[in-house]
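Before any comments, here is the structure.
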Amino acid sequence: MATPPVQPVPTPAVPNGDAFRLGFIGAGNLAESIARGVAASGVLPASAIRTASHRRPERGAAFASIGAQLFDSNAQVVDNSDVVVISVKPQIVKQVLVELKPLLTEEKLLVSIAAGIKMKDLQDWSGQQRIIRVMPNTPSAVGQAASVMCLGEKATQNDESRVRSLFGAIGKVWTAEEKYFDAVTGLSGSGPAYIFLAIEAMADGGVAAGLPRDLALGLASQTVLGAATMVNETGKHPGQLKDQVTSPAGTTITGIQELERGAFRGTLINAVVAAAKRCRELS
């Protein structure tokens with residue numbers, strides 16, 4: 001049985017001399033988050049980023065405010081880019097790729113962040129095999145994305161390094177086989193919503209226990225952030241960290257007992273599995 005690769009996190013900057021031109025086909029919020037992160041982190045100069053003028057002027061203005069170049073058409077963006085990021089809505093990916101197919105030569109790396117569009121479809125529609133598919137999640141908006149990428153047949157180690165540097169500018173990056181992407185969707189793709197729900201519920205509990213609403217929400221969100229940071233920075237298993245703050249007959253174990261009565265862990269497990277199953281059904 002194949003073991004899923006665990007290759008996260010320190011993401012080196014692009015080596016000196018490996019400057020490249022980065023084009024976005026689609027100028028939505030996620031594309032903007034990536035572009036801002038790339039420019040702010042120094043992975044690429046803003047002048048190396050480009051996209052096409054958008055039907056909504058504010059989207060073009062957002063890219064222009066970074067210092068990116070705006071072209072009149074997607075074809076011009078592709079022609080003037082070395083790495084082309086497909087960041088349009090999934091339902092129009094086929095149309096866009098078919099239109100751009102004559103321009104997508106093997107000299108260009110195609111990167112797709114379109115949710116649910118599989119590598120085989122990307123290859124068929126684009127005529128390309130030098131492709132990397134990436135699944136980031138919504139915390140990319142604050143530079144804390146959990147992104148997973150898989151490589152197409154002709155993607156090189158240098159291609160992987162470039163894409164790792166791009167998405168490392170907005171969070172952490174892992175490489176895995178595409179067969180894991182439905183499960184990735186169920187966990188990190190849908191996971192932020194589970195945590196938002198948990199924060200809201202913890203805050204409501206604080207209000208029920210007598211706290212003012214703003215204080216309860218601030219404490220709940222900071223507690224989740226602090227706990228996640230402890231897991232990431234200490235390298236300790238979450239169960240070990242939980243045990244360290246759980247005294248015999250104390251307040252924390254009493255609260256955990258209530259969570260166990262409500263099948264808290266089982267419910268979260270089931271949520272991830274159900275979301276992954278739904279992803280498979282939709283793809």
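Each Cβ is built from the backbone N, Cα and C atoms, and glycine gets one as well.
What TrEMBL records for Ile25, Gly26, Ala27, Gly28, Asn29, Leu30, Ser53 is NADP(+) binding site. Cβ-based neighbour count (10 Å, all protein chains) for Gly26 (NADP(+) binding site) stands at 22.
Cβ neighbour count for Asn74 (NADPH binding site) (all protein chains, 10 Å cutoff from its Cβ): 22. Annotation source TrEMBL lists NADPH binding site at Asn74.
The average pLDDT the prediction assigns to the domain 'Pyrroline-5-carboxylate reductase catalytic N-terminal' (21-116) is 93. Positions annotated as domain 'Pyrroline-5-carboxylate reductase catalytic N-terminal' by TrEMBL: 21-116.
The domain 'Pyrroline-5-carboxylate reductase dimerisation' feature in TrEMBL is assigned to 178-282. Residue counts for the domain 'Pyrroline-5-carboxylate reductase dimerisation' (178-282) under DSSP (helix as H, G, I; strand as E, B; rest coil) come to 89 helix, 0 strand, 16 coil.
In this structure, the binding-site residues Ile25, Ala27, Leu30 were compared by how many other Cβ atoms lie within 10 Å of their Cβ, and the smallest count belongs to Leu30. Comparing Ala27 (NADP(+) binding site) with Asn74 (NADPH binding site), their Cα atoms are 11 Å apart once rounded. It is Ser53 that, of the binding-site residues Asn29, Ser53, has its Cβ surrounded by the most other Cβ atoms within 10 Å.
Sequence-distant neighbours of Gly28 (NADP(+) binding site) (same chain, 6+ apart, CB under 8 A from its CB) are Arg59, Ser87, Val88, Lys89. In terms of Cα spacing, the binding-site residues Ile25, Gly26, Leu30, Ser53 that come within 10 Å of Asn74 (NADPH binding site) are Ile25, Gly26, Ser53.
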